[in-house]
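According to TrEMBL, the active site, nucleophile annotation covers C87. According to TrEMBL, the active site annotation covers H175, E177. As annotated by TrEMBL, domain 'GMPS ATP-PPase' applies to 202-393. Residues or ranges marked as ATP binding site in TrEMBL: S229, G230, G231, V232, D233, S234, S235.
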Amino acid sequence: MDWDHLQEDRILILDFGSQTTQLIARRVRESRVYCEIHPYHMPIESIRRFAPRGIILSGSPASVHDPGAPLVDPAVLSLGCPVLGICYGMQLMAHLLGGEVERAEQREYGPALITVEGPSSLFRDIEREDVRVWMSHGDRILRMPTGFKVLASSANSPVAAMGDPQRGFFAVQFHPEVVHTPCGRTLLDNFLFHICRCRPTWTMKSFVEASIEAIREKVGDGHVICALSGGVDSSVVAVLLHKAVGPRLHCIFVDNGLLRKGESEAVQRVFRDHFDMNLTVVDAARQFLGRLKGVTDPEEKRKIIGNLFIEIFEREAQRLPNVRYLAQGTLYPDVIESVSFKGPSATIKTHHNVGGLPERMDLELIEPLRELFKDEVRLVGRELGLPERIIMRHPFPGPGLAIRIIGEVTPEKLRVLREADALVMEEMEAAGWYDKVWQAFAVLLPVRSVGVMGDERTYDEVVALRVVESVDAMTADWARIPYELMAGISNRIINEVPGVNRVVYDISSKPPSTIEWE
Ligand SMILES: Nc1ncnc2c1ncn2[C@@H]1O[C@H](COP(=O)(O)OP(=O)(O)OP(=O)(O)O)[C@@H](O)[C@H]1O
Ligand SMILES: O=c1[nH]c(=O)c2[nH+]cn([C@@H]3O[C@H](COP(=O)(O)O)[C@@H](O)[C@H]3O)c2[nH]1
Ligand SMILES: NC(=O)CC[C@H](N)C(=O)O
Ligand SMILES: [Mg+2]
C-alpha cells in the first residue's frame, strides 16, 4: 500500500504475537486515528515510508531472554516519533535501551491495582490511587534505562509504567487495550492526542477515498475479477473495486443451487441493475447437486463443494480478457489467524473459500479490507451506499444449505429447507430480532416423527431452529429469543411448509457445539 494517499495521521502497531494486538488497533481506530498492524520485523525503510506519528509495541508470548526472541531494529527507537510499549513491548524497550528485565518471582495474571506516581502526560485525567488494570506477565523491569522514571507501580511490579517524556518513550506492564483496564481508553487517548499529537480525523469516508486511490495505482489499466457471494465482505469489496476501476471489474456469482430463497435474483438486482456492474451469474445448480448425490459425510460434502467452486470459478475467469488481479474480502481476523504464532490447530471444519485460486491462476491479490473488522466493514458498506439488507446480513456459509441438510442433499429437501429458512428470516425481522443476533437459521434433520394434522396421521420431517449470539463466531451462545417468537416461527413452518410437522430449538453453545450443524 502506498500511504501517500492517506491524509490522516497514522499509528503503527508492531505485533510480537500477543493475543490482544487486534484490540489495540480497535481502540486506536475507535478514537478515529488510523492505524495498521505489521509484524515486528517490518523493514525500517517501510516504517519510514509509513511515516507514523507514533509506534505501539505489542505484547508477546515470548520473553526477551528467550533465544530467538522477536526483536525490532533498534533504529525504530531513533525515528524521532513517540513509542508506547505494552507488556512485552515495555520489556523490549528496556532491553534495547540498556535497562534490565528479570523473571519475576510471582507471575501476575488478571486484575491488579496500581498507584500512579506524580503527574505525567500518559496518566492525565486518571485517578492516582488503586487504579484497576489487567496484567498478564511473568517477566518484569528490574532496572529502567537511563532517562526513564517510574510513572506507576503495583505490589508485584515496582515499575508498572515508565516514561522518558523527553524522547517520547512510554511503556506499561499492564494491558490498556482490554476492557478489564477501565482507564485504558484514557491512557491510549493520552498517547494518541497528547503525546503523538494525532488529529482524530479518520473516518470511513477517508478510508474509502484512500483505498480507491491505492487500488487505481496498483491496478493501472489491468482487469480484476471478484467472486461475489452477496455476503457483506465480498459485496463491499466489489463496490469498492467498482468505484476504483469501473468496467474493468468482473464479478462472478455462482448459483450452486444451495442458496436461500430469492438470493440469486437479489444479487443480480443489486449489483447488475443498481450498481451497473459486470456480473456473470453461473448457473451450476445441477452440477453441484449431481456431485452431492448420495453423499452424507459433512467433510466430504464440504470438499466436493469447495473443489467444484474453484473449478467453475477458474473456468469462468479464463473467459475474461487479460485478468491480472483477484479481489478478495479477507478481513483482519482472517489475517491474524494465518500469521499468528499459534501452532497448527485441528481442522474442525473445512471452510469453503477461494483461497486456492491465486496460485492456481497466477493472479495477484487485492484485499482492501484486510486491516478491518466486520463491524468496520459494515460501516464501509454504508459509506458506499450498499443496501441495509446486505450490510446487516447474517453470515451465510459458502456451502450454503448443503451443510444445513443433515445427510444427503436432494432437491426435495432443499425445497423444504429453503421455505423454512425464508419463514425464519421473515419472522425474525418482523419481531425486530434479526439485527439483535449473530445468526438465525433452520436446519433440516434426517429424522421423521409422527404428528396429527386435521385428524390425520402425519409422518414428516423435523426442523431445528438455531439462533445464536456471538461477536466473532469463535464462541457463541444460543439466543434467548422470546417464547412468542419461537411459537410464531414454529407455527408458520409447520403450517406453511409441507413435509414438516415438528420444530425444535437448539440450546447448545459453542464450544462444545459449533454454530452450523455440519
Ligand atoms: N456463491 C458464491 N459465488 C461466488 N463467490 C462466492 C460464493 N460463495 C462464496 N464465495 C466467495 O467465497 C468468499 C468467502 O465466503 P464468506 O461467506 O466467508 O464471505 P462473504 O460471503 O463475503 O461474507 P459473509 O461472511 O457475510 O457471508 C466470499 O467472499 C466470496 O468471494
Ligand atoms: O464462509 C464460510 N464458509 C464455510 O464453509 C463456513 N462454515 C461455517 N461458516 C460460518 O462460520 C461461522 C462459524 O461456524 P461454525 O461454528 O459452524 O464453525 C458461522 O458464522 C458459520 O455460518 C462458514 N463460512
Ligand atoms: N503479555 C505479555 O506481553 C507477556 C510478556 C512476557 N512473555 C511476560 O511473560 O512477561
Ligand atoms: Mg458468505
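From the backbone N, Cα and C atoms, a Cβ is placed for every residue, glycine too.
Other residues of the same chain near the ATP site, with their Cβ within 8 Å of the Cβ centroid of S229, G230, G231, V232, D233, S234, S235, are L228, V236, V237, A238, G329, I390, R393. Around S235 (ATP binding site), the same-chain residues at least 6 positions away in sequence with a Cβ under 8 Å from its Cβ are L228, S229, V270, F271, G381, L386, I390. Note: D233 (ATP binding site) has non-local neighbours G329, L331, L369, K374, V377, i.e. same-chain residues 6+ apart with C-beta under 8 A of its own C-beta.
Less than 8 angstroms from the CB of G230 (ATP binding site) sit F253, E263, A266, V267, V270, I390, R393, F396, each of them six or more residues away in the same chain. Taking each Cβ in turn and tallying the other Cβ atoms within 10 Å, the top scorer among the recorded positions E177, G231, V232, S234 is E177. With respect to H175 (active site), the closest of these recorded positions in Cα terms is C87, chosen from C87, G231, V232, S234. Cα to Cα, E177 (active site) and the residue listed as 'active site, nucleophile' are separated by 11 Å. For ligand 4, none of the recorded positions lies close by, meaning a CB under 6 A from one of its atoms; the full candidate list was C87, H175, E177, V232, S234, S235. Look at H175 (active site): DSSP puts it in coil.
The Cβ of C87 (active site, nucleophile) lies under 8 Å from the Cβ of S18, S58, G59, S60, S136, H137, V172, Q173, F174, H175, each on the same chain and at least six residues away in sequence. Proximity of the recorded positions H175, S229, V232 to ligand 1, judged by a Cβ distance under 6 angstroms to any of its atoms, singles out S229, V232 in sequence order. Ligand 3 lies under 6 Å from the Cβ of none of the recorded positions H175, G230, D233, S234. Its Cβ taken as reference, H175 (active site) is surrounded by 24 other Cβ atoms within 10 Å in the chains shown. Around the Cβ of S229 (ATP binding site), the number of neighbouring Cβ atoms within 10 Å comes to 22.
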